[in-house]
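Record features, source TrEMBL:
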type     : residues  : note
TRANSMEM : 43-60     : transmembrane segment
REGION   : 121-144   : region 'Disordered'
REGION   : 157-183   : region 'Disordered'
COMPBIAS : 161-172   : compositional bias 'Acidic residues'
DISULFID : C466-C495 : disulfide bond
BINDING  : T626      : Ca(2+) binding site
Amino acid sequence: MIGNKNEGLSITLGFPDGDDYDNKKKQSVYRIWKRLSSLQRSLIFLVLLLCGISAIYIFPNLRQSHTTNTDQVDTAIRDEKDSIQKLVIEKDKEKADFIASLKRKHAKHQIDDLMKKVKNQNGNVAPPVKARGHGEDNVLLPPDDQKEQALSNDARLDHGNEDEDSDKDDNVDGQLNHPLKTVDNDFKVEQKENSAVYDYFSPYRKHSSRQTAVIDAFKMSWSAYKKYAWGHDEFHPISKTHSEWFQLGLTIVDGIDTAIIMGLKTEYEDARTWIQNDLVFTHDRDDNVFKEKATDIGNRMLPCFNSPSKVPYSDINLLTGKAHAPRWGPDSSTSEVTTIQLEFRDLSRITGDKKYEKAVDTVSNHVHNLPKKNGLVPIFINANTGHFRNSATITLGARGDSYYEYLLKQWLQTGKTNSMYKDDYKEAVDGMRSQLVRQSEPNKLTYIGELLGGRSFSPKMDHLVCFLPGTLALGYINGMPEEHMDLAKEMMRTCYEMYNKMPTKLSPEIVFFNQAKKSKDDLFVKPADSHNLLRPETVESLFYLHRITGDKIYQDWGWQIFQAFMKYTKVEGAGFSSINNVRSIGNPGFRDKLESFFLAETLKYFYLLFEDSIDYLSLDKYVFNTEGHALPIYSQ
């Protein structure tokens, strides 16, 4: 038995009490063994023998079991590695086959673009060949109603710019771009919560070296704005101050989708957080009504349409809901009342509430029924009477430009179901060609002039007019006549020369074209018009022309313009600023203002211009509004 006594732990083997055994005395093992009976000694010996035999049997089996388990684990690991390697090989082969098929399609589209249109059996001219990438075999890229596999993202790797850096694995904003890398758990969770947006932050996407330069320019400018003017409308990079237009954080609201398209997750999340927590529409001040906003501001804007003619007033107080004509006169500008349709229609499709689309459709129908000059319209319209100011200038520049742009884009947005927009657009282009198109001397640059007072021709052209080549090309690939595309290419060359002929290689705000036969230069610039506001229109059209034709000359022109922006408008450590004089290399003069459209449009179109994939933001699936924001095309 075992006992716990004061003097310590004692062990008793069951010996009888007697004088011969004293429990308090230490006993040697030998004496204890001698006192045992033969039977007891035999039993102990038997137990020890059994223990020895058991040990001999058990330990080798344990060792063998351990060895077997280890071998099984090693085998499983090797099998898993083999499976993964086979999967990678199969995926690489599948990806290579997929990319090869895309290349074949890409080459076919380029060949088709170079072919002449053929006549059919009846002698009629066949419809114009569609642009490269615009057909039933399109490869849809995110965001889209149908989610794509990662392989589709991998396929886009092969469509980067083919310059000396195109084979390098870029790492933009800390994002891994190697196709076999994975994303972290936080990224996966957020991607699942908002997959339509987070598809753009795919780690599989690779940028060309030119795109990377544009991304760096955006990040630098965004960082400076965040440091010195976060939450304010406008940033002044020279003085490192800010100012307000409507107190709506316009630079953030305008630039957030550029961050998305470029795949800048951090910049996007910063903007999203500010919009969610800090953007309000209750400031007691009058705001220009024609700005894209979400449902809240859409509701606040609806009182503008309560004019006698249903042509909206230009201004509204977002706090009080009081709408009125601008303080400088009774009229709204034509471009304002006719370039809210895409946004309000999209708002109705998003919310399921038709009141927004109904309001702008009323305006469109009203303008459609007004008398015009060969499809051309004056730049002012009265909200009370609903009539154009007949003495107003007819121009595709300021206050008139977007009317023509939205005729085509409304037709496209509605799935080409409303022929009113198409007919008005075609009539307007015919009017431009007959009333406004001229050629300069001595080099015959095609340009679009103005009709002063609706009658007298002026050889003046705003930089804003350079949206037109892109719009004409977009119309052409959607069935407009071939002469539209011819005009688009001629106008694109002119808009490029507005940059190329300046010492800084940057375009002025306005140019005048020479018409005299003995002119030495095709254009001249008045001192008051020599500033550059970082406008996007030329880059926008370069994007369309490259996307549609595949001609890399448009990328090269754009790269030259981008480098000029970097050289003359970059403010070290503070982003970019508009400049005073594009004719002066030594003293272009900063205007100390970063326009929000530089982030929202100019850099966005640069990025898209340098994208060789014909399916990234496919023109079959999206239409860009006049502020450079991509809206989905609906089937009706």
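We number each residue from 1, going along the chain as drawn.
Using the three backbone atoms N, Cα and C, a Cβ is placed for every residue, glycine included.
Taking a C-beta cut-off of under 8 Å and a sequence gap of six or more, C466 (disulfide bond) has these contacts in its own chain: M491, C495, M498, S507, E537, T538, E540, S541. In sequence order, T339, D401, S402, E405, Y406, F467 are the residues near the residue listed as 'Ca(2+) binding site', counting only same-chain partners six or more apart with C-beta under 8 A. Take the CB of C495 (disulfide bond) and look out to 10 A: across all protein chains shown you find 28 other CB atoms.
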